[in-house]
Structures are given as C-alpha cells and as structure tokens.
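Notes for the one structure printed next.
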Amino acid sequence: MKQAVHFGAGNIGRGFIGELLVRSGYEVAFVDVNKELVDLINERRGYDIEIVGDEPQKIHVEHVRAINSAENPEELMQAIEQADIITTAIGPNILKFIAPNLAKGLARRLKRTQAPLNIIACENMVGGSSLLKSYVYEHLTPEERAMCDAWIGFPDAAVDRIVPLQKNEDPLLVKVEPYAEWDADVTQAKGEPPAIEGLTWVENLEAYIERKLFTVNTGHASIAYLAYRKGIKDIYTAMQDKSIVDMARQVWAETGSLLIKKFGFNPETHKQYIETTERRFRNPHLSDEVTRVARGPKRKLGAKDRLVSPASQLLAQGQKPSALATVIGAAFHFDYEGDKEAQEVQQGIQREGLHRAIHNYTEIPENSELFRMVENKTAGF
Ligand SMILES: NC(=O)C1=CN([C@@H]2O[C@H](COP(=O)(O)OP(=O)(O)OC[C@H]3O[C@@H](n4cnc5c(N)ncnc54)[C@H](O)[C@@H]3O)[C@@H](O)[C@H]2O)C=CC1
Ligand SMILES: O=P(O)(O)OC[C@H]1O[C@](O)(CO)[C@@H](O)[C@@H]1O
C-alpha cells in the first residue's frame with residue numbers, strides 16, 4: 001500500500017482527510033500528541049465515521065495506525081522517509097510546532113531518496129501549506145532547502161466539511177456532515193499530483209479558498225459571534241433566530257459581491273453556493289456548539305482571516321462592508337472563559353482600550369473608514 005502521514009488525528013483528520021486517503025489506497029499513519037488517542041488507534045487499527053443527515057451512512061475506516069510524535073520521534077522520522085504524501089489538520093497555530101520534526105525527517109529522506117513528495121496543510125486559512133513550508137525551511141540548511149525546492153511540494157489547499165466537537169461513547173467515532181470539498185493547488189505540486197478520491201487539483205486555488213473561507217467560515221463565524229451575544233449555545237438554534245440569519249445574509253451579500261467581482265463568479269452559481277452553505281448550517285442532525293465555531297477570535301480577527309480580509313478588500317473595491325463591520329464588532333465581545341484567545345483579546349481591550357485593541361488585532365489602519373466603522377459597531381454592542 002502507498003504510505004500517508006497525517007498530522008492531527010482529530011475531527012478533520014479522522015472524519016475527512018484520513019478516510020479519503022484510505023479510500024484512495026493509502027495506509028495512514030496519524031501523528032498526534034494525544035497519548036490516549038494514539039494508543040486507541042493502534043489498539044484498534046480502525047475507527048468509524050457516521051455521516052449525519054437525511055440519508056445517514058456509516059463508514060468503517062481501516063489501514064490506519066498512529067505515532068506519538070512526543071514519545072516516538074524516530075518512528076515519525078521513518079514514516080516521513082517512506083511517505084508518499086503528508087497532510088496536516090492540526091490548526092494554523094500548531095504548524096510551527098511540527099516544523100522541526102518535519103524538517104529533520106525531510107532532510108533524512110532527501111539523503112536516502114530523491115522522489116517527489118507533496119505536503120498539504122488542510123487548515124482553515126489562506127496559504128496554510130506555504131506557511132508550513134516557511135516554518136520547515138527555518139530548520140534546514142541552505143543545501144537542504146535547495147533539495148526541498150527540487151523535490152518537496154507544499155500545495156496550498158481548501159478543506160470544507162463541518163465536523164463538530166465529538167461527544168460520543170466511542171472516543172474514535174466521528175460524526176460528520178454529508179458535504180465535503182477538498183481542493184489543492186496543482187501549480188505547487190511536485191511530480192505527478194497524487195490522485196486522491198475527493199481531492200480536486202485546481203489551478204486557481206485562491207478563488208476556491210476565498211469562496212470557501214469568505215462564505216462558509218465568514219458566515220459561520222458571523223452567526224457564532226452574534227449568537228454568543230444572545231446567549232445561544234448551538235448553531236442550529238442560532239439559525240432559528242431571524243435577526244441573526246438576516247445579518248448573516250447581509251454578510252454573504254457583501255462577501256458575495258467581493259467574490260463575484262474579484263473572481264468573475266457567475267452570480268446565480270454563487271447564490272446557490274450561499275444557499276447550500278445556509279442549508280448546511282441548518283442540519284438538525286449536527287450538534288455544533290457556538291463556542292467551537294467562534295473559537296480563536298484573535299486568529300479570526302486577523303488581517304488575513306475570514307472577517308477583516310473581505311472587509312478590507314471590499315473597502316479597496318470602493319464598497320462599504322457594513323455587515324462585516326458589525327460582526328467584527330460582535331467578535332470583540334466574545335469573552336468565553338474556556339477560550340484562551342478570547343481571554344487574551346478581552347485582556348487586551350481592558351489593558352489598552354478598545355481603540356488600540358482593534359488596531360492591534362485587526363491591523364486595520366487607524367485612519368481608515370473601516371476602522372471607524374468597526375470601532376463604532378464594537379462600542380455600540
Ligand atoms: N472541524 C472542522 O469542521 C474543520 C476544521 N478544519 C481545520 O482543521 C484543523 C483541525 O481542526 P479539527 O480537526 O477540528 O481540530 P481537532 O482539535 O479535532 O484536531 C486537531 C488534532 O491535532 C492534534 N495536535 C495538536 N498538536 C499537535 C502536534 N504538535 N502534533 C500532532 N498533532 C497535534 C490534537 O491532539 C488533535 O487531535 C484546523 O485548522 C481547522 O480549522 C477545516 C475544515 C473543517
Ligand atoms: O476551525 P476554525 O478555523 O476555528 O473555524 C471553525 C470553522 O471551521 C469549520 O469547522 C470548517 O470549515 C467550520 O465549521 C467553522 O466555520
């Protein structure tokens with residue numbers, strides 16, 4: 001069997017990427033630091049996925065094992081040396097922590113074999129694999145970097161499937177929605193791009209990732225921050241609240257207008273994409289907590305992320321992102337105690353005041369119209 005190494009045996013790792021790799025003929029070595037998870041995968045060498053929706057489906061995934069990278073770095077090195085593909089789904093903030101081991105493994109691999117290898121970061125962000133590449137390169141010598149340039153591809157990717165936090169009796173079971181989309185940038189691939197069922201190799205990834213990030217993730221985050229302000233606990237309930245849905249639709253009208261203008265999307269096709277997204281959020285079989293979708297507000301308020309990036313781009317196009325400014329304002333009020341980034345943002349506001357905090361977290365220029373809009377909306381909540 002072909003060999004895949006996947007960092008992160010969590011929800012997207014098991015519930016999406018791992019399954020597609022196995023379905024495509026790979027044996028998957030999950031790399032994780034959660035000892036219980038690793039031990040259980042190794043004990044069972046398989047796990048179940050439940051697709052929840054109007055037509056429920058069960059899938060049993062086999063041909064998997066797991067490596068505890070904290071306890072067994074040597075096993076990880078060997079897996080990297082033999083891998084036919086490497087993927088990650090660990091969270092954007094964790095990419096820098098896997099870079100040292102990845103760099104070491106790649107350096108060893110390139111001494112032994114010069115075969116093309118692609119490393120795809122499946123994280124909710126623009127340029128995830130490129131960011132991982134920059135971290136990995138920090139740990140390589142100039143000679144090793146040159147070898148990597150020749151043989152190791154880091155194709156950026158867009159991944160789309162809602163996998164909520166899991167609360168199942170079986171700790172390996174993952175319940176997922178039926179919808180799934182995975183696209184990767186063929187222009188960044190090395191060698192023949194690996195054929196993986198469910199993975200589409202595209203030439204214009206920027207359009208795919210921004211369509212996904214600024215529709216699915218912007219919409220989801222908007223709903224979550226507005227719902228949190230109203231004390232609503234889950235996305236399904238939030239979708240029954242007319243004022244929240246109205247605001248989400250305004251946000252989608254804004255990001256839709258940006259995307260249609262920027263990438264030349266067909267307006268009718270994009271309307272259908274928005275409708276599909278809204279339907280996915282209304283899935284009654286999926287229990288998705290508001291605090292999961294809102295998690296990491298510092299990251300989500302970042303200049304390149306799902307809220308501020310479309311707002312800044314709209315302003316540059318001469319449009320007024322009023323609904324986006326409202327939800328950015330709501331995000332500054334996400335003070336959930338169980339979220340470290342939420343606490344950090346709240347402390348930042350208390351320490352330096354709202355004005356500085358908006359500037360620090362969003363990097364929106366203080367003299368811009370967008371800054372004034374966000375400041376007004378945040379103060380008005
Ligand atoms: N859950 C979802 O619906 C979707 C999530 N994503 C993205 O996928 C990524 C992962 O999200 P989830 O699967 O939801 O998170 P998760 O928390 O379920 O899984 C992350 C896994 O990474 C592991 N991990 C943490 N540090 C590690 C390290 N140093 N080395 C190896 N493994 C490590 C954790 O133990 C955990 O098992 C995020 O970037 C997220 O934005 C993308 C699309 C959908
Ligand atoms: O994983 P992040 O970036 O924290 O954001 C959560 C988002 O990711 C998803 O889990 C999948 O795109 C969405 O359900 C949600 O909008």
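Using N, Cα and C of the backbone, Cβ positions are placed for all residues, glycine too.
What TrEMBL says about a protein is an automatic prediction, not a curated fact.
Here TrEMBL flags Ala4, Val5, His6, Phe7, Gly8, Ala9, Gly10, Asn11, Ile12, Gly13, Arg14, Gly15 as NAD(+) binding site. The DSSP secondary structure for Ile12 (NAD(+) binding site) is helix. Within 10 Å of the Cβ of Ile12 (NAD(+) binding site) there are 26 other Cβ atoms, across all protein chains.
As annotated by TrEMBL, domain 'Mannitol dehydrogenase N-terminal' applies to 3-198.
Annotated domain 'Mannitol dehydrogenase C-terminal' per TrEMBL: 204-377, in sequence order.
Taken in sequence order, the binding-site residues Ala4, His6, Arg14 that lie near ligand 1, meaning a CB under 6 Å from one of its atoms, form an empty set. The binding-site residues examined here are Ala4, His6, Gly8, Gly10, Arg14; by Cβ neighbour count within 10 Å, the least packed of them is Gly10.
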